[in-house]
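Everything on this sheet refers to the single structure shown next.
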Amino acid sequence: MSNTYNDLSTARLVELALARNEGQLASNGSLVVTTGERTGRSPMDRFIVEEPSTADDIHWGPINRPFDAEKFDALWDRVEAYIAEKDRFVSHVHVGSDPEHYLPVKMTTETAWQNLFGRNLFIRPDSFNPADKQEWQILNAANFECVPERDGTNSNGCVIINFAKRKVLLAGMHYAGEMKKAMFSVQNFLLPEKDVLPMHCSANVSETGETCLFFGLSGTGKTTLSADPHRFLIGDDEHGWGPGTVFNIEGGCYAKCIDLSQKNEPIIWDAIRFGAIVENVMIDPETREPDYNDVSLTENSRCAYPLEHVEKRVIENRAGEPSHIIFLTCDMTGVLPPVSILSREAAAYHFLSGYTALVGSTEMGSSSKLKSTFSTCFGAPFFPRPAGVYAELLMKRIDEFGSKVFLVNTGWTGGPYGEGKRFSIPTTRAIIAAIQNGDLDDVETEHLDALNLDVPKHVPGVDTELLNPRTTWVSPDYYDGKAQELIAQFVENFKKFDVADAIVEAGPKAG
């Protein structure tokens, strides 16, 4: 006889997860789990059902892969029959903290720990679905094995979104981040219809109520820089921006744990306690101490905790429109300035480009291994509509509110990776503080022609010699050569966008 457990408390879910051998309790009180062969998202296993009501609005391709509607129905029924014979966990949550723009979701999971994950990352409302909206369903059977020949999937696991039926199916997926990002993709499709820009960004607010957004790909400092002891956190990853509001799409944080320390990340460290989940981290068999430096399972170790675990947060989970918007890039070529001031068109250009640079090899070796990465809207895997839809909405929001936009390089200066040096965290924090304090809203600038960027001539607390990157290199000619290489990559990447000429003109210039 199988049981359905409805809307269990955190303590009960932890208790059942331990009783069912789904994880272990760490010395800090968190539940430690492993996710098997998948320790990150599986883009090749993510699909959107192709059906008439949404087919013309989705940007189909290697990211948004089509799935047959009849095959979806058959697989959903198969997974539902499978999970009906097991103990299962059901929770009722919201995705989106705005009273107008939330989605009510019935989440059914095969494991207790993934239900706890959903309750940590989504929003646990005081009353479920007060506006009586149409309900979405998540069906998550982690131990179900798909058969590609029978099910039409790519492998033994899948994530499939069906907009027409308001269903999200996860089968064979132990990595819980898939569930969070699937619902982000759902909101990223739906919100633009309501004049709301969905954003892959973190957000915080000053004590006087001024909101700041941080966009950036993994490793650029989004989570670290938004966790500011002098400001209140709204959220660390997913937000919507509509007329009069910035709201969190989530109710929790999903932070990277690699090399986590109390000294460097006190807010995250303190949030990992009873009720939090730690994913793919080794723990000592005797003391049960987590070892965040051990990457034998993955470098993508994570912790999932509710926002209640962050002391200095915005209780309502939303705030006013942003005074300041920061695009973070970790430029390992050393070409970009530490801070640039962007016009609305330049903001659209860099938003569409979504540039950062990674070391291509896992061995942090020579600078020849550098790889420039362009991820549209600073989160290409999660945006189902054509990119221009989001860029136009960004410019509209900036125009209507008058937000100031900045490009901040948290990467290298004085030369590429291996030759130059990384901007220190105090330097980056001084730049962020100057932006948030309004010190750069109206300042004298220098125009860098090739990059087509405006750089402030003075930033409080920052060495003026760092502001123009060309002057920090030993050889200006060497810098110019590297700059042209990077500019050529920007230009080549931007050819895929069909946007207004004014946006193209706001980008770097080859030659």
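Placement of Cβ uses the backbone N, Cα and C atoms for every residue, glycine included.
Features of the protein shown, as given by Swiss-Prot:
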| type | residues | note |
| --- | --- | --- |
| BINDING | ARG41, TYR175, LYS181, ARG302 | substrate binding site |
| BINDING | LYS181, HIS200, GLY216, LEU217, SER218, GLY219, THR220, GLY221, LYS222, THR223, THR224, GLU265, ARG302, THR428 | ATP binding site |
| BINDING | LYS181, HIS200, ASP237 | Mn(2+) binding site |
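On the structure: features taken from Swiss-Prot.
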residue: ARG41; record: substrate binding site; Cβ within 10 Å: 19
residue: TYR175; record: substrate binding site; Cβ within 10 Å: 25
residue: LYS181; record: substrate binding site; Cβ within 10 Å: 22
residue: HIS200; record: Mn(2+) binding site; Cβ within 10 Å: 24
residue: GLY216; record: ATP binding site; Cβ within 10 Å: 26
residue: SER218; record: ATP binding site; Cβ within 10 Å: 15
residue: THR220; record: ATP binding site; Cβ within 10 Å: 22
residue: THR224; record: ATP binding site; Cβ within 10 Å: 22
residue: ASP237; record: Mn(2+) binding site; Cβ within 10 Å: 24
residue: ARG302; record: substrate binding site; Cβ within 10 Å: 23
Counting only residues outside LYS181, HIS200, ASP237 in the same chain, those with C-beta within 8 angstroms of the Mn(2+) site's C-beta centroid are LYS180, PHE184, GLU238, GLY379, PHE382
Listing them in sequence order, which of the binding-site residues ARG41, TYR175, LYS181, ASP237, ARG302 have their Cα within 10 Å of that of LYS222 (ATP binding site)? ASP237
Simplified DSSP label at HIS200 (Mn(2+) binding site) comes out strand
Between the C-alpha atoms of LYS181 (substrate binding site) and SER218 (ATP binding site), the distance in angstrom, to the nearest integer, is 14
In the three-state scheme derived from DSSP, which category covers ARG302 (substrate binding site)? strand
Using only C-alpha positions, which one of HIS200, GLY216, SER218, THR224, ASP237 is spatially nearest ARG41 (substrate binding site)? These are the binding-site residues in the record. SER218
Given the substrate site ARG41, TYR175, LYS181, ARG302, its other Cβ neighbours within 8 Å of the Cβ centroid, in chain order, are GLY40, ALA176, GLY177, GLU178, LYS180, TYR254, ASN300
Among the ATP-binding set LYS181, HIS200, GLY216, LEU217, SER218, GLY219, THR220, GLY221, LYS222, THR223, THR224, GLU265, ARG302, THR428, as the record gives it, the longest Cα-Cα distance in Å: 29
Return the member of TYR175, GLY216, SER218, THR224, ARG302 nearest to HIS200 (Mn(2+) binding site) in space, with distance defined Cα to Cα and candidates limited to these binding-site residues. GLY216
Simplified to three states, DSSP reports THR224 (ATP binding site) as helix
Could you measure the widest C-alpha to C-alpha distance across ARG41, TYR175, LYS181, ARG302, the residues recorded as binding substrate, and give it to a whole number of angstrom? 14
Could you state the whole-number distance in Å separating the C-alpha atoms of TYR175 (substrate binding site) and THR224 (ATP binding site)? 23
Cβ neighbour count (10 Å, all chains) around LYS222 (ATP binding site) is 24
